[in-house]
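Q: One structure follows; several queries about it will come next.
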Amino acid sequence: MTSSGSPRVYDGRPVEDRRAERREQFLAAGLAVFGDQGYHGSSITGICKAAGLARAQFYEHFGNREELLLAVYDLIQTEARSAVVEALTTLDEEADAVTRASVAVRAYAESIGKDPRRARVSFAEIVGVSADVEKHRVEQREIWVEFFIAELKRARGPEFVPAGGFRAAATGFIGALMALVHQWSGAGSRAELEDLVEVLTRFLVSVM
């Protein structure tokens, strides 16, 4: 801020707004490049070209490609969780477990699986990059596991405990969810979304 307490302005716009806009441009470029070419086939030069920004501007936001990959991955996961939460909030409190399961599965599949680039980053490009990236991926998966456990308890009540315990049920379902959405997203002749939702809903209900 300036000494007068006003935000810094450049070319008629607050500097922080311009920085935020550039970051969004790099995130969009990262999704496009990683999703189309793969992480190992990408370069900072190519990302900057896709973003329409300079290399120096890239380093204002990210230390390297790995940091951008993590930022893109986190954005995809955050948006998917928001989509699931928003979908569940449209239901009545009395909605049964099957309805809640179907709505949640559909929201996740639509958020991540309908855009093959988002699925590729989420399920393929994030794997095997480095020990730090792998640690982060596992941590994000654990967030999904905890999210699922909380929703399972909400749907079935405090007395319910699934066979094998909550963590085993949650880990098994999240693994199946991610694997099937990944497969569906990249299928040459994509199955109907309704079929995917039905399969995953049945799987989820079986542990509920």
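Cβ atoms are placed via backbone N, Cα and C, with glycine included.
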Q: Using TrEMBL as the reference, determine which range in 23-42, 43-62, 83-102 is annotated DNA-binding region.
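A: Comparing 23-42, 43-62, 83-102 with TrEMBL, DNA-binding region matches 43-62.
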Q: What are the DSSP helix, strand and coil residue counts for the domain 'HTH tetR-type' (20-80)?
A: 49 helix, 0 strand, 12 coil
